[in-house]
Amino acid sequence: MLRETQPLLPRSGGTRDSRRWAPMLAALLLAAWLLTAQLYSGHLPLPHWPWPGHGRPTPKRNMIFFVTDGMGPASLSLARSFRQHTEQLPLNDTLWLDRHLVGSSRTRSSDSLVTDSAAGATAFACARKSYNGAIGVVPLGRSGRYAEAGARPCGTLLEAAKLQGYATGLVVTTRITDATPGAFSAHADLRVQEDLIAAQQLGATPLGRTVDLMLGGGSTHFRPHGRRDGRDLLGEAAAQGWQVVDDMQGFAALQGGANVSLPLLALLAENDIPFDIDRNPAQYPSLEEEAMTAVRALEAATRDSDQGFFLLIEGSRIDHAGHQNDPAAQVREVLAFDRAFRAVMEWAAAADVETVMVSTSDHETGGLTAARQVTPEYPEYVWYPEVLAQASHSGEYVQRKIVGFEGSHADKRRFIERDIMHRTLNITDYTANEIDMLARETDGNKVQDILNRMVSVRAQVGWTTHGHSAVDVNIYGYANTKRAWYDLLDHLQGNHENTEIGAYMEQYLQLDLDEVTERIANVTHAPGKGASVESVDAELHDQYGHKLY
């Protein structure tokens, strides 16, 4: 046995012994080079991560795909500095996501350099570019626009995974029929067709039911009063054997995933779950609670299966905070997502099944900048996270309080000064003109804009739009085996089109999207005569008070 101080090879020199060792050293170096080349070319299996609980790699695998809707690089910077300030952390403290940055993604749709969420999600789900407003469909015309020649359905990763024997799930904080979950589980020419999307999510396609678990909001499109056809999809789902949950008490009864029977339909809000800054934990679960309930339920359901599961988890309302230019709400949404990502990753690190996690955004929203020029003079190099920390509610929440106030104009002014400025937003340097504008305005969206501008200007946070931007977004990744980790890096390290992310997941799960596309060719997807992206935009505004998100 060699002692620690004994050299493995003779020291360099011109002795006869050293000349005798030279050919052996050359042979060892050559063998090491050949072995390395074989490992990286895939001819030999890579060793497993040396972590407790991990056995040898098997064909069984899980894919967990995270979407941070509307989150650009500036959102991470803002949330990181906000967290450092509020928790008194050192300057080198980072978000959990920061530690798993892999690359970046280009986000354009087939008909615009600036995508919407529907086209962005379809690029992931189908690995195909599509037009703004498309839900699991691609354009027939060469221009890449829907208006030219209509659309045809494209098979999605979730559908293909289900047909391959994987369990499948969707976790969101918006309506479960919204653009991102819809694009993975349904086919509609225009995203406003949420009644159709709901029906397809329950199995109204040539493939039958392809979703095993749904957690989020949006019960309105499953209830008679929210649907144009008056159908009670919640009742129909229960009759078909779904475990149906529609409130926090029912969610708590799921016991974090231990008391779930698939298929599960848990719709915990009529529309969207409130922003995390406004969320009452007794009424609504966090994204982390939703996500962990889903992974534990799917893990249990696939324990004795040859296949694992495919799960989509979306930090949905980061996007809404961007649309509303609400920095106080957005930093909380990013941090809520970061907590969910970390919790799922810690679960994956201990899992016996090979598990890959990929996280990215469909686009950036708001044109957010962590700086703002507030005077004509050359600006100071500052922004103030303490302003965001002082706000205890979102502009969306506060505007309802102001618009719903009943009383005289003078009473309303006093209410805004006392309850809104001092007690809710903690703004003490407000002007008489700002209070007067808030007291006189009756349009809730305009009141919300005034409030969010007041916060943004004082924090010196900038916005360029209430819509989306074309900025590249980050890709994050994790795998609990070396084999899967090197495969992920081979496909996603560096800068990529959003469709390449979908293509990687198709390859990793060994799916065939073209085959699924053939099987769903006859699914009902068109909205009828006279529909257009513009009419969809107008209808969304009438229904939900916002434009195409």
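Cβ atoms are placed via backbone N, Cα and C, with glycine included.
The active site, phosphoserine intermediate annotation in TrEMBL covers S117. Marked as Zn(2+) binding site by TrEMBL: D69, D319, H323, D362, H363, H468. Residues or ranges marked as Mg(2+) binding site in TrEMBL: D69, D178, T180, E314.
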- Do you see any of the binding-site residues D178, T180, E314, H363 whose C-alpha is within 10 Å of S117 (active site, phosphoserine intermediate), and which ones? D178, T180, H363
- Query: Taking just the CA atoms, what is the gap between D362 (Zn(2+) binding site) and T180 (Mg(2+) binding site) in Å?
  - Reply: 9
- Item | H468 (Zn(2+) binding site) to T180 (Mg(2+) binding site) - Cα separation in whole Å | 15
- Query: What other residues of the same chain, not counting D69, D178, T180, E314, have a CB atom within 8 A of the CB centroid of the Mg(2+) site?
  - Reply: V67, S117, A121, V172, T174, A179, P181, S316, D319, D362
- Message: Can you tell me how many other Cβ atoms are located within 10 Å of the Cβ belonging to D69 (Zn(2+) binding site)?
- Response: 28
- Check the Cα distances from E314 (Mg(2+) binding site) to each of the binding-site residues D69, H323, H363 and keep only the ones within 10 Å. D69
- Message: On a simple 10 Å Cβ count over all chains shown, which one of the recorded positions S117, T180 is most densely packed?
- Response: S117
